[in-house]
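Here's the structure we're looking at; comments come further down.
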Amino acid sequence: MEPEPGANGTAVTEFVLLGLVETPELRPAVFVLFLLAYLVTVGGNLIILAAILVEPKLHTPMYFFLGNLSVLDVGCITITVPSMLVRLLSHKHTVPYAACLTQLFFFHQLAGVDCFLLTAMAYDRFLAICRPLTYSTRMSQTVQRTLVAVSWACAFSNALTHTVAISTLNFCGPNVINHFYCDLPQLFQLSCSSTQLNELLLFGLGILMAGAPVILIVTSYIHVAAAVLRIRSAEGRKKAFSTCGSHLTVVGIFYGTGVFSYMRLGSVEASDKDKGIGTLNTVISPMLNPVIYSLRNPDVQGALQRVLIGKRALV
């Protein structure tokens with residue numbers, strides 16, 4: 001494609017997303033797999049959300065945050081997968097410059113909220129297990145809503161900063177992105193101008209957006225583990241740990257894929273691996289979350305039975 005004059009000092013008006021596979025014969029199979037993954041993810045998270053809304057036993061802070069997490073999972077996969085499916089059907093791999101930056105903004109907005117929401121859930125477990133006498137006042141509805149609102153505000157600032165920063169870069173040469181959605185590392189590789197400041201910004205904000213939450217989550221669970229180990233009853237210890245296991249699994253998947261995605265900037269050879277990591281981050285993780293949180297959780301299973309079958313679960 002010949003470069004065309006564009007705004008913001010860039011000669012490239014659109015990018016070419018190669019997608020997951022470049023072999024035409026494999027595209028139908030990829031389309032079916034990702035369409036099913038999308039439907040399962042959206043359906044599973046909406047069912048979890050419905051269960052939380054209709055079941056009084058789930059009207060607790062932990063499930064309030066889980067409901068918000070389900071909304072984020074639906075949003076995250078909706079930002080990336082449907083557009084990829086459309087490109088597979090139309091065989092048109094181009095995406096306008098503005099649409100690419102818009103996708104990048106919303107992806108980092110939702111991922112940022114995810115970071116803080118997972119931290120809020122760890123704080124909730126810390127209060128419930130380590131400070132049970134003051135739990136109801138420290139985790140009131142006002143506190144819950146404030147935590148969610150602050151999460152959205154901080155994530156918005158982060159996403160807007162990255163989007164504005166990358167819009168100042170010049171794109172005048174290659175416009176082919178070896179990925180199925182627009183993200184910072186891939187765009188850095190295509191820029192004609194220096195990305196050193198952008199990479200420093202990504203690293204610095206990454207410390208605030210991911211490093212600080214990880215430290216808070218680890219600290220919370222150190223206190224939780226110490227408190228649980230002091231419980232004399234084996235059944236009591238098992239019940240306390242079971243409420244934390246699902247959350248820790250989701251945290252591990254989310255931060256594990258995030259670290260691999262953004263800590264290897266400038267590595268062109270890693271592009272194909274980035275597709276796999278991107279799939280884990282944007283498709284597999286949101287799809288697994290409903291399964292992780294409903295597995296071995298009788299309260300959620302009872303609520304799901306009520307939603308799906310229309311019968312109140314036996315108490």
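Placement of Cβ uses the backbone N, Cα and C atoms for every residue, glycine included.
As written in TrEMBL, here are the features:
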- 44-293: domain 'G-protein coupled receptors family 1 profile' (DOMAIN)
- 29-54: transmembrane segment (TRANSMEM)
- 63-85: transmembrane segment (TRANSMEM)
- 105-126: transmembrane segment (TRANSMEM)
- 147-166: transmembrane segment (TRANSMEM)
- 200-229: transmembrane segment (TRANSMEM)
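If one looks beyond the transmembrane segment (105-126) by at least 6 residues along the same chain, the residues whose Cβ comes under 8 Å of a Cβ in the stretch are 61-62, 65-66, 68-69, 72, 75-76, 79-80, 139, 147-148, 150-152, 154-156, 158-160, 162-163, 181-184, 209-210, 213, 216-217, 220-221, 223-224, 243-244, 247, 250-251, 254, 258, 282. On the 0 to 100 pLDDT scale, the model's mean across the domain 'G-protein coupled receptors family 1 profile' (44-293) is 87.
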